[in-house]
Amino acid sequence: MEKKTFYLTTPIYYPSDKLHIGHAYTTVAGDAMARYKRLRGYDVMYLTGTDEHGQKIQRKAQEKGVTPQQYVDDIVAGIQELWRKLDISYDDFIRTTQERHKKIVEKIFARLVEQGDIYLGEYEGWYCTPCESFYTERQLVDGNCPDCGRPVEKVKEESYFFRMSKYVDRLLQYYEENPDFIQPESRKNEMINNFIKPGLEDLAVSRTTFDWGIKVPGDPKHVIYVWIDALANYITALGYGTDNDEKFRKYWPADVHLVGKEIVRFHTIYWPIMLMALGLPLPKKVFGHGWLLMKDGKMSKSKGNVVDPVMIIDRYGLDALRYYLLREVPFGSDGVFTPEGFIERINYDLANDLGNLLHRTVAMIEKYFGGAIPPYRGPKTPFDRDLSETAREVVRQYEEAMERMEFSVALSAVWQLIGRTNKYIDETQPWVLAKEESKREELASVMAHLAESLRYTAVLLQPFLTRTPERIFTQLGISDRSLKEWDSLYDFGLIPEGTNVQKGEPLFPRLDIGVEVEYIKAHMQGGKPAEAAKEEKQAARAEEISIDDFAKVDLRVAEVVQPERMKNADKLLKLQLDLGGEKRQVISGIAEFYKPEELIGKKVICVANLKPAKLRGEWSEGMILAGGSGGGFSLATVDQHVPNGTKIK
């Protein structure tokens, strides 16, 4: 059976400078949608690219002493490298300087002139060079550009005009007959009230004051207005107007144009009218999302608040960034990036909720069943039943949210399942069940439910996180492709009996919030990594000791075999440790940071020759190493293959 198609586009980016995290936001969102649709079995066409013509580009190139083509070639290479680092799974990258695009734009313009939709006249009015936009006097805000707030220039020149007014009634009728065409709804009201109702004037679609652009056929002193040029990319990339237009016939009209709210006007007024004039179907939806802002407003170099996505990826990993962008901000609204919020999302959502759930599940399956996942035989208890029902309900919520492009809602649903699974461990207490042979079958059911819940989680995370789901599948021992597909979510309990788990590295190590916030802020300001802050912290150094003093400390590798809470001591945990044939009990003040069950199987470092001491009525026969500052905290651990009792030198 032939697959359904899904055509999704991002705006094509203007390569006048290095892209920041706000630009990455749109493309990551589009990538998540493209991956989701592929997961659902669609034949997806995901398009992105660059808008490389215009007066601003020409001026920037002149400032640098290079040709406009050299200027854009250099920046476009950086954009493509950024998309590679972000794992953007685009199917085509269109450049408006490519011949495949320019030839068709010339044909489109010539056709519109021939049929009388474009005519030659004279333009006198206001022009914003950064936005490449024309405005009437009444559209200006305090004399400045209504979109970016910068000063505008008064221009008077011969120009070709597009008869926008001819199509206004048809456009409003399309809005009425297709209520979901502009999303969110507030954007539609803005277009009608601010641009159409006041009277849509004919649009100047050529310039004569610069020459970096596609020339008007038969009148080369005119350059085609950059937005007419740029908007056509959505069909030129598909081969429209060529002998090889198979993709155009297959994918057009677009299912979704993803754009920032500042360019909704071009995509919901100029573009539909242009398509009407060409006799082509209109896109099904234009989604104008909000901006990713900083606390002090939009990102700008002058404010020193630009966040480089490459820096974030290199230090924290790609999935941490992708998760934050799509979880933190409701898509369609403005959102604020804060270093504190970013690090907290990593620590709480990714390291604690997800990472620890996987770690303790794998550790318990190894400990209680030799690493083999027990068979799923249906729910044994109300807790089992509730977990499996939650998983199915989360899939329903997730699907509804994704179809509405509510990415944060979809991720919230996944974390609802993760939270329910963590609670399930507390409810079933597998470490207690393991003490009674009569509870063996119930314990097996708990392990099977935990593994299956994590499999559901990994499947649902695939559109958002490009590396982590496969790491989860690997630790669960799942290699069968069918268990990673959407259709596998229709049945709970598909992991084959005896599938062997493989303990791996933590998905997301905990971070020191104070240090990492300083690091990000230093880079936002164009400074070096937060070495200065680290040096200040290290200034008050501890008293120096000799190597002989240090040699007196006996540090050994120990495995946590039985952790439990201390009665009447909120901050203390009682840990039974295996030091390689020797058992020790250690009381540790880590209860604020770790749940007992997530410590099972961890290889920690124990001070083995510390004099025993009594704490809250219990003997502590050593100390385990841990550390942190600024709100972050982590145990010192070693690789799993290091034998218990190994001396640390």
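Quick reminder: no glycine exception, Cβ is built from N, Cα and C everywhere.
According to Swiss-Prot, the motif ''HIGH' region' annotation covers 13-23. The Zn(2+) binding site annotation in Swiss-Prot covers CYS128, CYS131, CYS145, CYS148. Among the features that Swiss-Prot reports, motif ''KMSKS' region' is placed at 298-302. Feature annotation from Swiss-Prot assigns ATP binding site to LYS301. Per Swiss-Prot, the feature domain 'tRNA-binding' maps to 555-647.
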Open item on the list: Suppose we draw a 10 Å sphere around the Cβ of CYS145 (Zn(2+) binding site). How many other Cβ atoms does it contain, all chains included?
Closed with: 20
- [ ] Provide the three-state DSSP residue tally for the domain 'tRNA-binding' (555-647): helix first, then strand, then coil.
- [x] 4 helix, 47 strand, 42 coil
- [ ] Would you mind ranking the binding-site residues CYS128, CYS131, CYS148 by how many other Cβ atoms sit within 10 Å of each Cβ and giving me the lowest?
- [x] CYS148
Open item on the list: Can you break down the motif ''HIGH' region' (13-23) into helix, strand and coil residue counts using DSSP?
Closed with: 3 helix, 1 strand, 7 coil
Open item on the list: Going by DSSP, is CYS145 (Zn(2+) binding site) sitting in a helix, a strand, or coil?
Closed with: coil
TODO: For the recorded Zn(2+) site, whose residues are CYS128, CYS131, CYS145, CYS148, find every other residue on that chain with a C-beta no more than 8 angstroms from the centre of their C-beta atoms, and list them by sequence position.
DONE: THR129, PRO130, SER133, ASN144, PRO146, ASP147, GLY149, ARG150, VAL152
